[in-house]
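K.L.:
Here it is, the structure in full.
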């Protein structure tokens with residue numbers, strides 16, 4: 001079905017309100033209800049109706065909710081697909097030029113078998129292939145949540161297949177020309193895929209960003225992507241992480257050993273400047289001093305600065321905890337815990353950084369979509385939390401610590417809640433320290449060996465957490481029986497509700513690791529002697545004591561047999577299997593995560609916490625002062641100085657520099673008027689198309705050879721069968737004769 005619609009021409013068709021059920025045949029053929037649908041959208045909806053009638057995927061498994069705006073299931077599916085693809089396409093589906101790409105997107109949502117044939121017809125194959133990976137990943141997660149592992153496995157297979165296909169296409173481009181391949185990775189496909197006049201052409205999204213969103217691990221692990229990531233992470237010099245730290249803190253090493261570590265193939269134009277005559281000239285990384293400058297302004301330098309302050313934070317936190325002597329919190333005696341207040345202020349800087357990043361994403365969404373502000377806020381918060389999960393949990397602990405700390409200081413001493421607030425504040429304060437020290441393991445991700453170990457620990461922790469429930473079942477059973485038999489509660493004077501949870505924990509906790517108490521081995525019971533039962537004088541108390549003293553060792557033996565032998569070996573076997581599975585792909589996963597780390601530190605503020613809190617306060621004050629007439633220009637200059645310490649977006653900066661290159665090459669006179677792709681991007685897109693044609697021809701040739709071999713094999717088997725039948729008939733004729 002042809003989905004082409006002439007640009008600049010738009011038809012709207014209005015339909016009357018009618019009610020249909022899902023089982024009604026008319027439900028599948030009526031395009032919409034009470035809505036204006038443009039011609040291209042109507043064509044897509046009709047195609048989706050056909051696919052849903054064949055596959056019965058969305059309605060059967062309750063993937064979507066029927067939208068009352070549409071009279072067909074295709075309309076509801078169309079809106080679902082449109083909302084799912086908006087984070088990467090940044091536009092409505094009807095604003096995509098390539099109809100084959102639209103067909104590919106729709107077919108990938110239905111896991112069609114003809115995806116490869118459609119993919120070969122797309123104008124932008126590498127971008128379209130990664131879109132299939134993105135769709136398959138989203139649908140795999142959706143069906144896992146729907147508890148449909150078979151369908152989720154089918155989408156996972158498509159995801160892995162197209163990840164490998166896109167990687168093979170990138171590899172072919174890489175072996176053809178490394179320079180052109182780096183241009184392919186830098187290409188902003190939003191300049192190509194949208195219709196004329198679409199506002200999404202102003203968006204910036206590189207190919208690796210789409211691959212990261214699609215979880216295309218093999219694609220990002222390719223040497224072409226890894227070289228691009230390394231170029232942006234640490235430009236100019238070829239250094240290991242330890243050597244980078246030495247050069248960073250001891251600049252004279254550049255003049256001693258720097259020229260021996262210069263990267264030879266970095267020829268990108270990343271900066272422009274204006275000379276004395278007013279003409280723009282490009283700056284490459286061939287100049288030694290420019291390389292040193294880019295060394296100190298690289299994301300790796302920012303990483304070193306933030307890591308240094310994080311180490312200082314943990315050391316200072318440990319010092320505060322070890323020297324903490326106060327037993328209560330009083331408003332008039334705040335000088336006794338000023339060091340704790342310093343930690344709280346440091347943690348406020350983390351909360352402020354989170355709020356600023358969420359606000360930036362909210363502003364970005366408000367520029368693109370006209371939604372309710374509340375939805376924009378939650379969407380911005382969700383986007384930040386999805387990329388910074390560890391920071392989210394840390395900020396949760398920080399927020400709970402500040403709330404409990406405030407209640408403990410403000411609440412009057414007569415309020416019972418004050419005592420629990422003090423305990424809660426201390427508890428969250430300790431938990432924050434534990435989390436801060438564990439977060440130091442993130443520093444090791446820059447190294448391949450330690451990064452793989454951190455990955456394995458991260459993947460094994462869920463197994464331990466889930467298996468803890470099995471331990472706790474046996475643990476609780478033994479603890480209750482042990483406390484009852486030993487009579488600990490009755491023997492403890494002034495028993496309170498705070499004591500018995502500790503007894504439940506201590507009874508059976510260390511027995512898991514084979515450390516049994518001597519009293520439990522002997523069966524010691526309070527108010528009972530350990531002497532054997534006297535059969536001549538049998539009383540109720542003597543029999544009960546004998547029963548309890550005998551059963552305690554029996555329960556201990558059974559519990560240690562199950563926990564120390566069975567459960568510990570079982571969880572060890574599970575962890576070993578998990579280790580073997582992760583070890584096969586740990587290097588790929590580590591390389592895949594390098595891009596996320598790169599983006600994180602490219603966009604991160606240069607000033608680390610707690611100094612970032614001062615930065616945001618000054619920026620807030622200067623912003624309002626810059627609105628004042630006459631003196632506002634002075635503070636606007638201060639605002640420009642502060643912007644130098646903010647993070648950058650690589651794709652947006654790259655596009656701006658290409659505009660300047662267009663000015664230098666005489667294509668335009670004003671860089672602000674440059675809206676289209678550069679010649680380098682056009683050549684990069686064309687080179688991918690050429691390599692895709694070569695791959696498709698090679699695939700057809702292999703398919704033809706395979707079909708030819710299969711056909712020849714079938715002929716041989718037919719001849720053999722015919723010969724055997726002839727021999728069998730001949731032997732039967734000979735025997736009858």
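Quick reminder: no glycine exception, Cβ is built from N, Cα and C everywhere.
According to TrEMBL, the record shows the following:
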| type | residues | note |
| --- | --- | --- |
| TRANSMEM | 239-256 | transmembrane segment |
| TRANSMEM | 277-297 | transmembrane segment |
| TRANSMEM | 303-322 | transmembrane segment |
| TRANSMEM | 392-411 | transmembrane segment |
| TRANSMEM | 417-440 | transmembrane segment |
| TRANSMEM | 461-485 | transmembrane segment |
| TRANSMEM | 551-575 | transmembrane segment |
| TRANSMEM | 605-625 | transmembrane segment |
K.L.:
Give the nonlocal contacts of the transmembrane segment (461-485) in its own chain as ranges (CB under 8 Å, at least six residues past its ends).
P.N.:
500, 503-505, 507-509, 511-512, 520, 525, 548, 551-552, 555-556, 559, 562-563, 567, 571, 574-575, 578
K.L.:
Do the transmembrane segment (605-625) and the transmembrane segment (392-411) come close, with at least three CB pairs under 8 A (pairs 6 or more apart in sequence)?
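P.N.:
Counting Cβ pairs under 8 Å (6 or more apart in sequence), the transmembrane segment (605-625) does not reach the transmembrane segment (392-411), since there are fewer than 3.
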K.L.:
Within the same chain, where does the transmembrane segment (417-440) have neighbours whose Cβ lies under 8 angstroms from its own Cβ atoms, ignoring anything closer than 6 residues to its ends? I mean 6 or more beyond.
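P.N.:
Counting only partners 6 or more residues beyond its ends, the transmembrane segment (417-440) has Cβ contacts under 8 Å with 310-311, 313-314, 317-318, 321, 328-329, 340, 343, 347, 390, 393-394, 397-398, 400-401, 404-405, 407-408, 411.
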K.L.:
For the transmembrane segment (239-256), could you work out the same-chain residues 6 or more beyond its ends whose Cβ comes under 8 Å from its Cβ atoms?
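P.N.:
Result: 292, 295-296, 300-301, 304, 446-447.
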K.L.:
Can you tell me which parts of the same chain pack against the transmembrane segment (392-411), counting only residues 6+ beyond its ends and a CB-CB cutoff under 8 A?
P.N.:
329-331, 334, 340, 344, 347-348, 350-351, 354, 384-385, 417-418, 421-422, 424-425, 428-429, 431-432, 435-436, 439
